[in-house]
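Shown next, in structure tokens, is the structure this report addresses.
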Amino acid sequence: MSVLYLVLSMVNKVPTNHYHYTNMEDMQKAVANGDFIETATFSGNMYGTSKKAVEDVIKQYKVCILDIDMQGVISVRGTSLDPIYVFVKPPSMTVLEERLRGRKTESEEAIKKRLQTAEKEMKFIEKEIANGSHIIVNDDIAKAYENLKNIEEIGEQFVKARSHRQTDSNSDGNAHFESSSNFPVVKCEENRHP
């Protein structure tokens, strides 16, 4: 999985394995320079996946998984990547609301905003079925994981990534990256944001 860059409206955040924290000015410069595959703004926070983060995963001969929202999916569509889209959705809007309230981490206003966003994304997902996207209903985590593992195209990408671990026949004897057919898998899930 790639590591996201994140600009928060809050302060005193410590970098984790999942986020690189930066300031708005630096993030906007990097976006203007074309350093990001996708960016999104949610609840006053800006998120993005850098090209370098994806390249770093691919150079390790791994399949890159991006956890992005609808804005991110639209952005990725504008790249040269050929991803597999897997949408993870709640069993119902009622269940999503129960889960959000059960966290007890957000204000009423934030919950309402997330629910409005989720409704838009559910409509977007319904259109995506025709485009060969996959949908997994997250009603049981073990079952959802099994459904993810059973998506044939994902298995094919892991096989392709593994096949690129071969040593090049060059005299230096080092493995060399082949840029073809290592495509990121993109997972779009509402409410991924901290």
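Each residue's number is its place along the chain shown, starting with 1.
Just so it is clear, glycine is given a Cβ too, placed from its N, Cα and C backbone atoms.
The shown structure was predicted, so the numbers you read here are calculated from the model rather than taken from an experiment.
The domain 'Guanylate kinase-like' annotation in TrEMBL covers 18-153.
What TrEMBL records for 162-194 is region 'Disordered'.
The annotation compositional bias 'Polar residues' is assigned in TrEMBL to 168-183.
Confidence in the domain 'Guanylate kinase-like' (18-153), given as mean pLDDT, stands at 86.
With DSSP states grouped into helix (H, G, I), strand (E, B) and coil, the domain 'Guanylate kinase-like' (18-153) comes out at 72 helix, 30 strand, 34 coil.
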